[in-house]
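**Q** Dropping a structure here in structure tokens format, bear with me for questions.
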């Protein structure tokens with residue numbers, strides 16, 4: 001979500017005559033799009049923001065500092081900015097970041113700081129986006145979250161769920177297709193709860209699959225409590241729906257899941273995984289797992305290890321629990337010591353990496369269709385792209401492959417990626 005918000009902000013500014021700088025040091029305007037999910041992001045933000053103080057003092061009105069995003073929806077954060085970071089010029093939140101060009105104009109004409117935080121918001125259509133890739137694009141289908149997991153600040157920073165109209169989404173995807181996009185990723189805090197006019201999420205997928213030129217459809221993120229049999233069937237029946245799902249489990253302990261307010265248990269989660277693999281035996285499954293949630297016992301953590309081993313994930317985002325001010329979990333007296341968190345985290349990563357390496361090794365010898373993103377980022381002369389199952393593949397090939405679907409024979413694998421050669 002934040003990545004696409006940044007693309008939209010860039011698109012809006014370019015549309016209004018601004019030019020994107022190649023580095024922060026060369027920029028006349030520096031914009032922070034903040035994330036509030038974990039404490040580490042807060043610390044990095046404030047640390048980097050502090051580094052700009054000297055430059056602001058030197059360049060004054062010739063250098064502008066803007067801060068946007070989820071962190072700005074929290075009163076204690078904006079209070080801190082006003083009290084301790086007077087070199088910040090513009091502040092806006094998640095509900096009105098599309099107003100950034102207007103706020104900058106006001107800053108320059110009125111010669112005074114612009115702090116504008118909307119407590120809630122609706123849906124603004126027809127926003128431009130400066131995409132990272134020309135051949136693939138994010139597409140917001142809904143905003144906000146109604147789940148209120150006890151550890152999560154998102155419902156407070158993103159607001160309640162709002163779904164875009166199917167016809168507006170279709171119009172955007174037709175435009176993207178005409179602009180050369182071949183793969184779309186549908187975005188929402190919980191896409192499974194999408195409620196369009198006379199269309200649920202699965203209906204929307206089938207509608208978008210009819211758009212000529214769109215060859216792959218992905219989505220994120222999916223909440224287990226709302227994953228329907230109808231959507232599982234779409235993985236089997238809709239050729240354009242990629243055979244990959246990110247299905248956050250967060251914990252393998254029923255006690256912890258209840259404390260998290262996740263509204264499912266181990267049995268339900270295992271059942272969903274079984275149904276997914278019955279529908280598509282080789283579907284790739286990734287997840288999110290939080291380690292060290294308040295009150296997590298060693299037995300609770302062992303249940304998480306057991307679940308991770310039994311599911312056999314293709315990959316996982318693993319996190320140390322991070323207290324978020326204003327959430328119920330932050331008030332718990334049963335916080336886990338940091339040394340125990342880190343020990344458990346390392347044990348979990350070992351299990352996940354072993355599973356991921358095993359899954360990737362199973363691809364060796366197969367031929368997979370890869371959508372090429374560009375030259376490999378590993379410093380070699382190879383190309384890189386993604387399979388239908390979201391596997392990163394590095395391979396050697398001819399010039400001019402970016403944005404094309406090519407068949408690649410997989411010749412090697414490690415924990416995080418595959419290697420191959422163009423199939424003859």
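All positions are counted from 1 along the displayed chain.
Cβ coordinates come from backbone N, Cα and C, glycine included.
Values in this document were obtained by computation on a predicted structure and should not be read as measured data.
Okay, so TrEMBL annotates it like this:
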- 145, 149, 152: [4Fe-4S] cluster binding site (BINDING)
- 1-109: domain 'MTTase N-terminal' (DOMAIN)
- 131-358: domain 'Radical SAM core' (DOMAIN)
- 361-424: domain 'TRAM' (DOMAIN)
**Q** DSSP-wise, what's the residue breakdown of the domain 'TRAM' (361-424) into helix, strand and coil?
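**A** Helix, strand and coil residues of the domain 'TRAM' (361-424) number 1 helix, 33 strand, 30 coil.
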**Q** Under a criterion of Cβ-Cβ distance under 8 Å and sequence separation of at least 6, what residues of the same chain contact residue 152 ([4Fe-4S] cluster binding site)?
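**A** Within the chain, residue 152 ([4Fe-4S] cluster binding site) has Cβ neighbours under 8 Å at 37, 145, 324, 327.
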**Q** Taking the center of the Cβ atoms of 145, 149, 152 at the recorded [4Fe-4S] cluster site, which other residues in this chain have a Cβ no more than 8 Å from that point?
**A** 147, 148, 151, 153, 154, 155, 189
**Q** DSSP says what for the domain 'MTTase N-terminal' (1-109): how many helix, strand, coil residues?
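**A** Summed by class, the stretch gives 63 helix, 15 strand, 31 coil.
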**Q** On the 0 to 100 scale, where does the mean pLDDT of the domain 'TRAM' (361-424) fall?
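**A** Across the residues of the domain 'TRAM' (361-424) the model's pLDDT averages 94 on the 0 to 100 scale.
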